[in-house]
Each structure stands twice: as structure tokens, then as C-alpha cells.
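As recorded in TrEMBL:
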TRANSMEM  9-30  transmembrane segment
TRANSMEM  42-62  transmembrane segment
TRANSMEM  69-87  transmembrane segment
TRANSMEM  93-110  transmembrane segment
TRANSMEM  131-157  transmembrane segment
TRANSMEM  163-185  transmembrane segment
TRANSMEM  214-239  transmembrane segment
TRANSMEM  245-265  transmembrane segment
TRANSMEM  274-292  transmembrane segment
TRANSMEM  298-316  transmembrane segment
TRANSMEM  336-357  transmembrane segment
TRANSMEM  363-382  transmembrane segment
Amino acid sequence: MSKDIRKLLIMNIISSIISIYIAIFVNLYIWEEGNGIGDVSLYNLSMYICWGLTFALASKLINKYSIRLLLAISALCGAAAFVYLMTVHLDNRWLWITLLGIPVGMMFGFSQSSQNLGVAMQGKENELAPYFAAINITSQALNMAVPILSAAVIQGFGYRGSFITMLIFIIIMLAYSATMPRIYLPAPTSLQEPREPFYTLGFRSAFSYPGAKWVLLSLLASGVFLQFQNLFALLFTFSVTQNKLLIALLNLLYTLSSLLGLLLYRRIKFNEMWWLWIGTSLLALGFVIALLHHPAMLITSNVLTSIGMFYFSIVWNAQQFKYIKHLDPATKRTFLVWRECILVFTRCLLLSLTFTLTEMQGLAFGIIVFITIACLFAIPVFQRLAGLENSKHNQVHGAATKQMPL
């Protein structure tokens, strides 16, 4: 890997430490107040709305400013979130939760946008595989270490001590952002290039490639499923225990389950669609088991969905990026922005259904599980149709290219 890609990898590690802590312990901090599903849903809704808006804003700013500035802003937003947690207390709890989600969402939006666009623009083809392999290894290690170490800090020094610890990592992130490569995307200057009306925001160009309509449907379904998995995997664990160390150990179990999935993935030679269906089936089985709402069943559910999520994510992400590999950098950027915004939109739709939930059982919860499973099983169908249309176009285009006279 080049020096610039190694710097992006190190920044990913630093930001992952912070995001893993937030994903588990900030949600737990909110949950502990009253075990309210609506409270956690409101925080996630506020966060994802700001995440999507910030991701779109960052994709525009990168025309003028390098990722150094975007990462520095991300760090400052993270600092604002932890200072807010330590110092601000409002009588209106829902207002307090909503305001907390704003800097957290902005931190994630700026960070993810700058890192994704940085890799897409700076990474050479022969560097991407080693980079993502390193990301996979480090993320597994961090998912095992960060929760346990964070739980130990909370047990010894309380939440305030852990917030201060995260502020230290934020300062490290801010300092390291100054050393990042000056990656930016100059705005297109060609006057001959056709432009879409402003109100479309590049939607038609982002989804004009072969198979794009099926990818769009896949994204709409995926946002619902991904948010259900993201929210309830945490809440299932919190409903089993609120002991920080036990939560960290359960998270370790889920990470080890993903590593088992990786081992099987490397040893068993199935095509990618088989792995996508296997992942989908394991996820659906995990969601159904959770309806029993027994602690052992909730843990089993999270183990199954951890393995299923591993298979789903590697195939689903790889396929979607494969379909856009022939697009120019500006169109890729537009697609990535719309991809993120669509996922955020459907995530928010799912979260809006959870506000009235008071428990993770009963008819209302069962309906949400049914909707999630229906969306889940639709995704492999849409992905297959997108792949068929995309490959058919590539074959026709390739044949036409070969027949062209020299």
C-alpha cells in the first residue's frame, strides 16, 4: 500500500475506536434511563438524518477542500458530542436526545464521506484488496478490544471517565487529520458535459447504468433491514443484561461468530449469490428466534445474525461497487451520496415505526419483524436482477468493442 493509503487506514482505525464506543455505550447510556425503545430510536433517527445531510454536504465540499478539513470538522463534531454528554442536562429528555444525535451524526457523516471518497479517488486497483483486507482484520480486533476496555473504564471511573477517554482519541484524530493527504475532487470544467437540472441533484446520472433500477430497489429494502439489525441487536443484548462487562463479553461472542463465518467463507467454495442467500436465511432465522424473547434465544439470535450479516455485507457491498466500476469519478461520487441518502431515508422509516413500541414482543413488534424479513428476502432477488442486466450489457458492449475496425 502507498503512504497515502496507509494514512487512510490509520485514520480508519482511530475513528473506528470512537464509533464502536458510541454504537454500544452511548446507546446504553440512553437506554439505562428508562429502558425506552422510543428514546433509543429517537437518538438514532436524529443521528442518521444528520449523517445523511452531512455526507451529502461533504461530497460537495470536497470539490474545494481536501479531506484534511473534513476529517478535522468530524473530530470537532465528535468533541462537541462528548462535551455535550458531560455538561448539558435538559428537563425535556426528548429534546436532549435529539440534540445529542446532531453532532454524532455530523461526525459520522464527515468521517465516512471523506474516507470513502479518499479511498475511491486515491486508491489504485492493486491497493484496494490489501486495504480492505487490513480494514477487515483491524475492525475484528477493535470490535473485540474496544468494548471490553471501555467497559473496564466505565466500571472504574463511570461514564464521565469514558467520555474523557474518548475525547483523548478525538484529539488524536484531530491532530492526525493535519497529516492526511490533500485529496480533493476538482469540479468538472467541461462546458460540453450535459448537466442535469439542479432539482434532480444528479439522481439520473447516479442511477443511469445498467441494472441501476434494481440496485435502487435493493437500497430501499436494505435500509429497513440494516436499521432493524443495527437497533435491535443492541436492544436484545441490553434486555439480557445491563452489566457493562457482560455486554462487552457478549459483543466478543458476536465478533467471534463473525470470525467463524469468515473461516467457513474461505474454506467452502460457493458462488457469491449462494453466500448472499445463506446470509439472508441466517438473518431471517435470527429475527424469528428473537420473537420468543427469552434471554438464551436473544443471544442465539444475535449469534446467527452476526454470521449472516458477515455473509450479507461482503457480497452486497462488493456487488454494488462492482456495478459502478466503469463510471467516471464524479458519477461514482454522486452514486455514493445517493446510496447513503437512500439508506438513511429507509433507516428513518424503520425507526419511525419503533417509536410506539414499549416492548420487544407482541403484535406490533411482530409486524415490524415481518416487514423486515420481507425486505430482507427481496434484496437477493433485486441484486441478481441487477447483476444479470449489468453483465448482459457488459457482454454486448465488449462484443461491440471487439468488432470495431482498427
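Note: Cβ is positioned from N, Cα and C throughout, glycine not excepted.
Beyond its flanks by at least six residues, the transmembrane segment (298-316) meets 218, 222, 229, 233, 236-237, 239-240, 250, 253-255, 257-258, 260-262, 265, 272-273, 275-276, 278-283, 285-287, 289-290, 379, 383 of its own chain at Cβ-Cβ distances under 8 Å. Through the fold, the transmembrane segment (274-292) approaches residues 225, 228-229, 232, 236, 265, 298, 300-305, 307-316, 360-361, 365-366, 369, 372-373, 376-377, 379-380, 383 of its own chain, all at least 6 residues removed from its boundaries and within a Cβ separation under 8 Å. Most Cβ pairs within less than 8 Å of the transmembrane segment (131-157), among stretches 93-110, 163-185, 245-265, belong to 245-265. Listed by sequence, the residues of this chain that lie at least six past the ends of the transmembrane segment (245-265) yet keep a Cβ under 8 A from its Cβ atoms are 24, 28, 136, 140, 143-144, 147-148, 150-152, 155, 233, 237-238, 275, 299, 302-303, 306-311, 314.
The largest share of C-beta pairs under 8 angstroms with the transmembrane segment (93-110) comes from 42-62, of the ranges 9-30, 42-62, 163-185, 336-357, 363-382.
At the 8 Å Cβ threshold, with sequence separation of at least 6, the transmembrane segment (69-87) lacks contact with the transmembrane segment (363-382), having fewer than 3 such pairs.
With a threshold of 8 Å between CB atoms, the same-chain residues lying at least 6 positions outside the transmembrane segment (42-62) that come near it are 26-27, 30, 69-70, 94, 97-106, 108-110, 112-114, 117, 183-185, 227, 230-231, 333-334, 336-337, 340-341, 343-345, 347-348, 351-352, 355.
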